[in-house]
Amino acid sequence: MATEHEEKLGTEDSKWLGEYSQVHMNVFGTPLRVMDHGQGAHIWDVDGNEYLDFLAGIAVNSLGYAHPKWVKAVADQAAKVAHISNYFASEPQIELASKLVKLAGAPEGSKVYFGNSGAEGNEAALKLAKLYGRTLPGALPSIGGKPARILAMTHGFHGRTMGALSATWKPGIRKPYDPLVPNIEFVRAGDKVALHDAFAQTGLGRYGKGPVAAVILELIQGEAGVQPLGADYVKFVRELCDINHALLIIDEVQTGIGRTGKWFAFQRDDLSGGVTPDMVTFAKGVAGGFPMGGMIAFGEKLAALFTPGSHGSTFAGNPLGAAAGLATLDVIEDENLVANAEARGEQLRDGIMATGNPLFVSVRGRGLLDAVELKHPCSHAVMNYCLEHGLIVNAVAPNALRFAPPLIVTAQDVDQALAILKDVPTDLPDD
């Protein structure tokens, strides 16, 4: 028997999806639905079907949809000035940078670079790391030095632009674009011996490599299935970086801005081991749905390596995006949404296992970045079942579903999601 959603699908979705396929390059596949409007944690498609959104634009819509304070801030700024060139600055841009430095607990002299996406934030971090690498003794041409290296993790994801892609593990999206940026190497995530060996390859001899300028990692590897890297391992990375004068770059594109129950995931000792990074990248949730990303360089000496002309973007830190970012951070503070992320995430994880559904083997995650491990690789079938029953989730891996609800999600919203998850059939087909 068809569900209510199945019966209502068709007319408007079919019309718009047909046109979509005619005018859009096929980089995302066929969209699941054509969406029209949202409110809070709920969104409606063009056929009028309502969905509880437990993906939030992949951890982007921190405040859900149409939060009145966010809408007002963006509208007010648009009525003043939406964009100025980077020959000028704006008050929202300056205020947002100051606030991010403060929330990150970065030391005096730390500075922010704004871009428009997570990939751009990571591009900035990688470029700054390369500039830093040129200052290392083992990389100096005058003594026969070799180009400094950047180490990245297997299964890590940092973006699809050429530099960020060079530090992204997934072979399927890397290989078509070979050769990528040189001197970026992968080490097995969580493997201390492999990391030690990678550092130990530094040397001026015939078989030696250039010094390690930086290590880039995610504390929770989101695209790998919401897999925490491990606090003990991260602490070890920091120790090796310190010994070898290398930078630690923590990619918080998905984990930052309150999502894991702290403003930044590195502020959770159970994820970071209490380490402090040299750079943090951010995006997704920072502006509540407006395209924005960036990087924080910790300390004046590192931040000073970027000089006029060394990096930039036309739209970086534009007033409209900055106003959206300020409104997002203000609402997160005013409504205590960091604590809500912690509480609702615990409710979700505990509730999934309490459903008694034998399809659900285990849960993992922090705050409102979570995953459930499935008994067999049927994540796409589960995702489609949930969608048909009014719940948006993500098939992040064959055996795992990802949840990243807006930070404004309520206990009632979580209960509604759990009621749908409880009834997911156990005999759905494998992907």
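Every residue gets a Cβ built from N, Cα and C, even glycine.
In Swiss-Prot this protein carries:
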BINDING   GLY118, ALA119, PHE157, ASP251, GLU252, VAL253, GLN254, THR314  pyridoxal 5'-phosphate binding site
BINDING   ARG160, SER313  N(2)-acetyl-L-ornithine binding site
MOD_RES   LYS284  N6-(pyridoxal phosphate)lysine
Sparsest Cβ surroundings (other CB atoms within 10 Å) among the binding-site residues ALA119, VAL253: ALA119
THR314 (pyridoxal 5'-phosphate binding site): tally of other CB atoms within 10 A of its CB: 9
Spatial neighbours of VAL253 (pyridoxal 5'-phosphate binding site) among the recorded positions ARG160, LYS284, SER313 [C-alpha, 10 Å]: LYS284
Alpha-carbon distance [LYS284 (N6-(pyridoxal phosphate)lysine); GLU252 (pyridoxal 5'-phosphate binding site)] in Å: 9
Number of Cβ atoms other than its own within 10 Å, given for ASP251 (pyridoxal 5'-phosphate binding site): 34
Between SER313 (N(2)-acetyl-L-ornithine binding site) and ASP251 (pyridoxal 5'-phosphate binding site), the C-alpha gap once rounded to whole angstrom: 20
Distance from LYS284 (N6-(pyridoxal phosphate)lysine) back to PHE157 (pyridoxal 5'-phosphate binding site), taken between C-alpha atoms, in Å: 14
Assigned element (helix, strand, coil) containing ASP251 (pyridoxal 5'-phosphate binding site), judged by DSSP: strand
Site diameter for pyridoxal 5'-phosphate, Å, by largest Cα distance between GLY118, ALA119, PHE157, ASP251, GLU252, VAL253, GLN254, THR314: 25
